[in-house]
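What follows is a set of notes on a single structure, which appears directly below.
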Amino acid sequence: MTNSHADLLPALEDLARRAGAAIMDIYAEDFAVRHKADSSPVTEADLRAEAIILPGLAALTPDFVIVAEEQVAAGRVPVLNDRPFWLVDPLDGTKEFVRRNGEFTVNIGLIDNGVPVAGVVLAPALGVLWSGAAGHAFRVEADGHRHQIACRPRPARGARIVTSRSHNQPEMLTRWMAPFEDAVLDFAGSSLKLCRVAEGSADLYPRFGPTCEWDIAAAHAVLRAAGGVIETFDGVPLAYAKLGFLNPDFVARGSEPIPHRV
């Protein structure tokens, strides 16, 4: 990891905020929802945000490949090379956007040698941004106040576990949680779950079910900069540039290993 990754963050934050403003313009109106081939929803907000982010990244790093959710959904899948590459989800949590609960995010992450090295996550409806690179992670409040964040030590009792609001598998989750004494279960949408682990307001995020690399890359970079880890349930660190950009089931945590496996 190099300081040059951290140097990218101001530009990434600006891009995310511009995309977020476009999303909120649509959020304030009536909008149509259509469904992609995988049955996931997409709106004009997804497309408009991506149309802002992609040219901005191309101007910022002309030699880096950009892998973006809606581009891939349209069949435009770039070929990766040995250079770093971007993973972009312009609107993670489209279901949350449609439900108007505010728990959706703009996500821009940089991958280098299979590792997320810089990332920005913006929750435009909440006015909060998370940013991380080079071992430093930050939360930026709606009023502009920026403070450094880090994963907290996991308590022996009462660990706070956050899981998906829209993709919850209760039987698997209950079995996995059993060894954690007096665990508290919370719910959140989109990549906010990873950001909560990064900022220390949650301890663990287990994910049972499909995700794509662009869903988590930006928040994974923030989590990593905050001292956290994403690994499979077998304890293998999550890598990027996988076939089809598909993730296995995983768990996000702070620096402390998990003493049991599903």
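Just so you know, the numbers here start at 1 and follow the chain as drawn.
Cβ from N, Cα, C; glycine included.
Because TrEMBL annotations are produced automatically, they should be read as predictions rather than curated entries.
Here's what TrEMBL has on this protein:
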{"type": "BINDING", "residues": "GLU69, ASP89, LEU91, ASP92, ASP215", "note": "Mg(2+) 1 binding site"}
{"type": "BINDING", "residues": "GLU69, LEU91, ASP92, GLY93, THR94, ASP215", "note": "substrate binding site"}
{"type": "BINDING", "residues": "ASP89, ASP92, ASP215", "note": "Mg(2+) 2 binding site"}
Local Cβ density at ASP89 (Mg(2+) 1 binding site) - other Cβ atoms counted within 10 Å: 32
Greatest C-beta neighbour count within 10 angstroms, which of the binding-site residues GLU69, ASP92: ASP92
Other same-chain residues whose Cβ falls within 8 Å of the Cβ centroid of GLU69, LEU91, ASP92, GLY93, THR94, ASP215, the recorded substrate site, in sequence order: ASP46, ASP89, PRO90, PHE104, THR105, ASN107, SER190, SER191
Chain-mates of ASP89, ASP92, ASP215 with C-beta within 8 Å of site centroid, Mg(2+) 2: GLU69, LEU91, GLY93, THR105, ASN107, SER190, SER191, THR211, CYS212, TRP214, ILE216, ALA218
Length of the line joining the Cα atoms of GLU69 (Mg(2+) 1 binding site) and THR94 (substrate binding site), in Å: 12
Inter-residue C-alpha distance, ASP215 (Mg(2+) 1 binding site) and GLY93 (substrate binding site) (nearest angstrom): 9
In three-state DSSP terms, the structure that GLY93 (substrate binding site) belongs to: coil
Sparsest Cβ surroundings (other CB atoms within 10 Å) among the binding-site residues LEU91, ASP215: ASP215
DSSP-derived class (H/G/I helix, E/B strand, else coil) of GLU69 (Mg(2+) 1 binding site): helix
Same-chain residues at least 6 apart in sequence whose Cβ lies under 8 Å from THR94 (substrate binding site): SER40, PRO41, VAL42, THR43, ASP46, PHE104
GLY93 (substrate binding site) CB neighbourhood, other CB atoms within 10 A: 25
